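Undergrad: Got a structure here, written out as structure tokens. Questions coming.
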Amino acid sequence: MEPGKRETWRTTMLLAYQSLGVVYGDLSISPLYVYKSTFADDITHTDSNDEILGVLSFVFWTLTLIPLLKYVSIVLRADDNGEGGTFALYSLICRHANVSLLPNRQLADQDLSTYSLERPPEEVADGSRVRRWLEGHRSLKTALLVMVMIGTCMVIGDGVLTPVISVFSAVSGLELSLSKHQHEYAVTPITCAIIVFLFALQHYGTHRVGFLFAPIILAWLICMSALGVYNIIYWNPQVYMALNPVYMFKFLKKTKKSGWMSLGGILLCMTGSEAMFADLGHFSYSAIQLAFTSLVYPALILGYMGQAAYLTKHHDFDSSYQIGYYISVPGTYCLLF
């Protein structure tokens, strides 16, 4: 989208559809491994189900506060001339305060840019205390640039690691139809082949990749929502009680140190949320907001609630893989996933 150009509702719908295949791939697949990672330690399940409902409460409020409230409602509005990402925020700060250590204030840069680096005289005279503080200390400018570099490196690292986790978790569904010996020699090679294929497609551009993977993610979100509704109705319609944040305190009180250690697994539920802001330049604020609020967020909540509803009625876990997502798929349909 060109900055300043008003998009039509058809363009917004098209961009929202494309964003499913580019922005929400990792975030949509997170239900495959969140519960499995969280309950991997020595957390026992009691008849009160406080452990399972506590994890669901953590997941619900994490998705609500970070992706929905923080990114969709706040961070996406802090775009830099239509662009998002860590360096976009840094560039935005540098145009409102003289804190840049990069040569972005040369005349050639201003001529090529679609915005002006100059500030109004009254803004300079009435500068905020924080801005004057940053402008007066070179060490703070250096620290700001280092933070930007670290943030960018973390996003790159996340972009390398999370596809591997997502694809491996998706392929691990084969373990329900294979023996342990077959699983050892089948899942890893298949995962590697899919990863190579996915990265080989990147050079075709966001437009083609979005159209290619959007129907796959759309079908996955619809199936996950339907399965979540089924499990809620069939296994435990009262699972909605976990939306009460009191269950988070009950979970920590019962599990103690093991509960604190398991919070790292719960954190995986928002894996890929940063892509909403990092990929803002490829799409638009309204498109990303529409896709997340109308489809991705409700589907994720239903998916997590449905899996939790199933787990509340099945406490006899013989191995860690049995708390994966696919075990909650009813009957022989698990083989289709």
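All residue numbers here begin at 1 and follow the chain in the order shown.
Note: Cβ is positioned from N, Cα and C throughout, glycine not excepted.
Curation does not apply to TrEMBL; its annotations are automatic.
Here's the feature list from TrEMBL:
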DOMAIN    15-333  domain 'K+ potassium transporter integral membrane'
TRANSMEM  12-32  transmembrane segment
TRANSMEM  52-69  transmembrane segment
TRANSMEM  142-165  transmembrane segment
TRANSMEM  185-202  transmembrane segment
TRANSMEM  209-227  transmembrane segment
TRANSMEM  259-277  transmembrane segment
TRANSMEM  283-305  transmembrane segment
Undergrad: Are there 3 or more C-beta pairs under 8 Å linking the transmembrane segment (283-305) with the transmembrane segment (142-165), counting only pairs at least 6 apart in sequence?
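TA: The answer is no, given that the two segments have fewer than 3 Cβ pairs within the 8 Å cut-off.
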Undergrad: Tell me, please, if the transmembrane segment (259-277) and the transmembrane segment (52-69) are in contact, taking contact as 3+ Cβ pairs under 8 Å between residues separated by 6 or more positions?
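TA: Answer yes: the transmembrane segment (259-277) meets the transmembrane segment (52-69) with 3 or more Cβ pairs below 8 Å.
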